[in-house]
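Working notes, structure below.
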Amino acid sequence: MNVSTACALVPGPVLAIESSCDETACAILAPEGTILAQRVISQDGHADFGGVVPEIAARAHLSLLPELVRATLKDAALPASALGMVAASTGPGLIGGLIVGSGFAKGLALALNRPFVAVNHVEAHALTARLPGLVEGGAPFPYLLLLVSGGHCQCIAVEGIGQYRKLGGTIDDAAGEAFDKVAKMLGLGWPGGPALEQLAREGKPDAIALPRPLIRRPGCDFSFSGLKTAIAQKLAPYGRTPLPRPFAADLAASFQQAVADVVADRINHALDMMPAARLLVAAGGVAANSVLRAQLEQTAQSRGCRFAAPPLRLCTDNAVMVGWAALETWAEAARRGQTPFTDITLRPRPRWPLEEMASRFTPPHNQSAAGSLS
Ligand code: KG4
Ligand code: ZN
C-alpha cells in the first residue's frame, strides 16, 4: 500500500504542532501530504542567555500557541471541525515545551473527537525528505540521514517507517552547539552558525591549522570538543583585546572547514556501514551551511549516492515534518491492519530513542484495545 492509498483512511487534514525546543510551529497538511498552511515562530528572549532557556521556551510556547493555531487554520481556510487528526512532537526535547505542545494538541483532539498522534521529533526529521515533491526522484527506503542541529548530531539508517538504526552520534557537543560556542568566542551573536558562516566568507579555510577529531577512526561517531578547545587556545593570546577581523575570519573559515572535513569523513564511514544506501539526506539547522552541504554532496557523489537536503525552513524545526510523520505513521499502521488508533495516553518524553519506534506497530490483526479509537 503506498502512502496516498493508506492516507485515504485519514478522515481529513492533519494539524501538527512542534514545541520541542525554541521554535513554536503549527502546520496543516492534506492527507496525501500537501502543505495547506504552515507557520513558525522562532522565539526571542533566549539570545541574552547565549542558548535556549527551557523555562522561557515553555512559557513562550504556552502564550504563542493559541493564536498561532488559530492563524494557521485561517491560512488554510479551514474550520477546526474539518480536521481529521491532530499531531504533536511528543519527544525527544525540552520537557516543558513538549508538555505544552502535546497537551494543547491532545486537548484539541479531544474537543474535536479526532485521534491524537504522538510524533517522535527525530523521526519527523528523518522522514521529511519523503514529503511528496521535496526531493527529486523521491526518497525511497533505505537512506542515510545525517541530522546536524543545535541539539542533535547523528547518523541514522532509515530503513522503513519505524525502522531506524543509529549508526553513530556525537560523544560530546552537537555540531550546532560547536558552531554556537565558537561563534560566541569570536564575539558573534546567538545562534552563531549563520553569523560564523558569514564571517568565514572573508577568511581562508586553510589559514589556521586545527585538529580533525576522530577522523579516519572506525565507525561514525563525532566529537567537537577538541576543536573548540583548539580555537580557545588560538584566541588565548588576545585576552580581552578585540580580535583583528582578518584573523577572526580566518579562524571562522578554518573551523568551518574542519567541521566539514570531519562530517564528510564520518559520512564516508556511515556509508560503509550501510552499503544499501543510495541516498544521503542532511537535516537540521547546520545542514544550512553551504560549505558543509557542498562537501556532503561531493562525498555522496563519490560513493554513487544522491544527496538531498530539504529547504532550510523544513531542515530546521518546523511542524510540517511533524504532520508528515503522523501521516506516514498512519499509512504504516493501515498497511498492518492497525487503524484507527490514538496516542492520547502517551506521555511526553525528554528522551525517546528512535529504536523504540518499531514497537508502536502491532503485528497485523493484533491491535491492542487500549491503543484503538472506536
Ligand atoms: O535545527 P535547528 O534550527 O534547531 C535545533 O537545534 O533543533 O538548528 C539550530 C542550529 C544552531 O546551533 C545554529 O547555530 C545552527 O543550527 N546553524 C548553522 C547554520 N544555520 C544554523 N550552523 C552552521 N552554519 C549555518 N549556516
Ligand atoms: Zn530538531
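Backbone N, Cα and C define each Cβ position, glycine as well.
According to TrEMBL, the protein carries these features:
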- 34-324: domain 'Gcp-like' (DOMAIN)
- H121, H125, D317: Fe cation binding site (BINDING)
- L147, V148, S149, G150, G151, D180, G193, E197, N289: substrate binding site (BINDING)
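With a CB cut-off of under 6 A applied against ligand 1, the binding-site residues H121, H125, L147, G193, D317 are reduced to G193, D317. Among the binding-site residues L147, G193, N289, no residue has its Cβ under 6 Å from any atom of ligand 2. Annotation: no binding-site residues among L147, G151, G193, N289 have CA atoms within 10 angstroms of the CA of D317 (Fe cation binding site). On its own chain, G193 (substrate binding site) has G176, F179, D180, A183, G285, V286, A288, N289 as residues at least 6 apart in sequence with a Cβ closer than 8 Å to its own Cβ. Around H121 (Fe cation binding site), the same-chain residues six or more apart in sequence whose CB sits under 8 Å from its CB are E18, S20, S89, G91, P92, G93, D317, V322, W352, listed in sequence order. For G151 (substrate binding site), the number of other Cβ atoms no farther than 10 Å from its own Cβ, over all displayed protein chains, is 19. Cα to Cα, S149 (substrate binding site) and H125 (Fe cation binding site) are separated by 11 Å. Across the domain 'Gcp-like' (34-324), the model assigns an average pLDDT of 95.
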